[in-house]
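As structure tokens, the structure follows; a few thoughts come after it.
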């Protein structure tokens with residue numbers, strides 16, 4: 001049975017997904033960067049219907065009371081915080097950052113990303129895998145940003161990742177999902193949730209990710225850099241729902257030739 005498809009008896013209203021023992025109804029995760037202010041960020045997260053928000057521990061103010069605090073706007077009582085290691089280019093930096101996050105907020109469900117270079121922000125998969133093993137040994141529940149390589153996705157799951165998060169395209173590029181085949185293979189082989197992480201630019205990109213069978217979509221720039229972030233957040237919410245519904249419904253088979261909607265027999 002495909003772990004990413006609920007039993008047929010489950011209605012759309014009851015459809016949910018679970019990661020590290022925590023169950024969520026919304027399949028849209030949003031970031032907390034690039035917004036003009038925290039108030040806009042909070043409004044967008046609510047418009048998206050998100051239950052999880054990612055937080056770049058090294059960039060977002062969580063503790064300095066002399067500056068605006070994210071927690072005063074995007075409240076931890078309303079959202080599940082997912083600390084991440086954005087901006088880390090070595091495994092050591094990533095592990096250190098998440099240790100600090102756990103000390104500061106008690107978070108053990110975290111997102112690991114170890115970047116290879118500033119130009120592409122592609123994940124360094126060797127460093128990612130090495131860091132994952134260390135974090136798992138320390139009791140972290142790790143969701144992992146990774147390449148769209150099915151082999152590495154399997155290795156990450158075997159090493160203890162609680163979710164696999166392959167990029168759709170480079171972070172912040174808005175190019176949409178570039179390799180649907182690999183993403184589909186990752187989904188079919190995975191025993192943990194698979195989330196598109198990075199590259200979504202507009203609503204159709206989010207819908208495609210869900211149509212491919214992904215459990216959820218994570219995005220930041222697509223909403224934050226839209227001309228109207230709140231409206232785009234709403235659009236993304238509906239796109240994720242539509243894509244999920246289409247995946248569960250099962251699309252028609254593609255055909256080379258036409259197949260009339262109305263029978264041709266018995267015509268006047």
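Even glycines carry a Cβ here, placed using N, Cα and C.
Computed from a predicted structure; not experimentally measured.
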Among 139, 160, 172, 250, Swiss-Prot assigns to the 1-deoxy-D-xylulose 5-phosphate site of 198, 199, 220, 221 just 172
Surrounding the recorded 1-deoxy-D-xylulose 5-phosphate site, with Cβ no more than 8 Å from the Cβ centroid of 172, 198, 199, 220, 221 and those residues left out, we find 169, 170, 171, 173, 174, 200, 219, 222
Taking only the CA atoms, the spacing between residue 220 (1-deoxy-D-xylulose 5-phosphate binding site) and residue 111 (active site, schiff-base intermediate with DXP), expressed in whole angstrom, is 14
Smallest number of other CB atoms within 10 Å: among the recorded positions 111, 172, that is 172
172, 198, 199, 220, 221 bind 1-deoxy-D-xylulose 5-phosphate per the record; greatest CA separation between any two, in Å, is 9
Reduced DSSP state (H/G/I helix, E/B strand, rest coil) at residue 172 (1-deoxy-D-xylulose 5-phosphate binding site) is coil
